[in-house]
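Lifted from Swiss-Prot, the feature list:
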| type | residues | note |
| --- | --- | --- |
| SITE | GLN109 | site 'Transition state stabilizer' |
| ACT_SITE | CYS115 | active site, nucleophile |
| SITE | ASP212 | site 'Important for enzyme activity' |
| REGION | 385-461 | region 'Positively charged C-terminal tail required for binding nucleosomes' |
| COMPBIAS | 447-461 | compositional bias 'Basic residues' |
Amino acid sequence: MNVAAGGTSAAAGSASNNNALPMAQLADGWLELESDPGLFTLLLEDFGCHDVQVEEVYDLQKPIESPYGFIFLFRWIEERRARRKIVETTAEIFVKDEEAISSIFFAQQVVPNSCATHALLSVLLNCNENNLQLGETLSRLKAHTKGMSPENKGLAIGNTPELACAHNSHAMPQARRRLERTGAGVASCRFTGEAFHFVSFVPINGQLFELDGLKPYPMNHGCWEEHEDWTDKFRRVMADRLGIATGEQDIRFNLMAVVPDRRIAITHKLKMLRTNQAIVSGTLQKLLKADEQGDDQQRPDTPNTLLEPSAFTARDLQSLLKNLDTEIAINEQHLADENDRRQMFKVDASRRTHNYDKFICTFLSMLAHQGVLGELVSQHLLPTKKISGQSAANRLSKQSSAATANTANSAANATAGKSQPQQQQQQQQQQPQSQAAKNGKSPGKTPGRRRKGRNKCRKRK
């Protein structure tokens, strides 16, 4: 173990000085990383591997073009019943042959919080070097760890300064504070306190391997059929795995694919389209010139680099040229989108890794010094109180308005009910008054009222 760590440290000694990261802090200073494809893509660039990118997989059944491998993020809780089922299932496919293990790159995770880097290296260092340019750091690591045990390979990863610095440079400030507060352990996703873990799925020598740094051995899921791609085998394995893992309705997982850099393929296609565009345009110019001269006997043919030699009319070439122009415009837009996406990865990384604590503390201190902080805090707290008070006031006003409306309705009904009898009584009173006026008597007094008046006068006397 000491030989593996020391050898890698010596090979990368100059890089440790440049990165200013003490070797004593490498083994216990790795920070947690988020599960983000943009972060992983930039991390690969920092490793020195510029021809790959990481994409998130949303649909397992959707075909993926030329993937190097897959990275699976899942919840890691040992006591779960589903977890025990997975362990019992995978124990049957462990590869325990030392020669077979040493022939592939399988490293045990001996450094906490390094599972993201382990997952990426498990994919990249098991790819064919003819199809992928690893870069100086990864090429040196692969050559140095050839034939080592999985434990020594894990120590070599932990003691490589370039990998440690690149890994920690993409961590959020909360990760460092959390490491100082709780210590190292299994990586947790987005700092929620729940443990998550990365594993890799990669094709090796016609067989699908699952490489998990927390397992003692690599797992061989077997070969795929002759008529299918290795990704078909991977889909079946993942379908079974998710069926077991989601037995308790826990579907929190993330799947990412390590694929070639899309910009390289688009750039190559644009180069081919522009070459064909120049050929067709030149042939069309010659054809138009020949038609102007009336030389139909020597009509030019399209070169065999585009199609088989055959006579084309000017209209055919113009239509072909128009299609090429459209394809070029579409691919130029795709290339611009990929470049914008890569730039957005960098912007998100800057926002993710920047420590805003000093700015926030200074800003709040200036507000307090100017005597504005208390007022701002009260203004932001009052709306909540106002909303609760207004809701109560609204309820009271609604109740009072409803009571007032009910009272008004009842009064209106009572008034409407008494209006007809009162009209009849008034009509009856008006008839004797009119008769009394004719007879010369007072119209406003009745016999009963006169008696009451006389009684009152007697009492006064």
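Including glycine, each Cβ sits where the backbone N, Cα and C put it.
With respect to their backbone Cα atoms, GLN109 (site 'Transition state stabilizer') and the residue listed as 'active site, nucleophile' stand 7 Å from each other.
In this structure, the C-alpha atom of ASP212 (site 'Important for enzyme activity') lies 9 angstrom from that of CYS115 (active site, nucleophile). Annotation note: ASP212 (site 'Important for enzyme activity') sits in a coil segment as assigned by DSSP.
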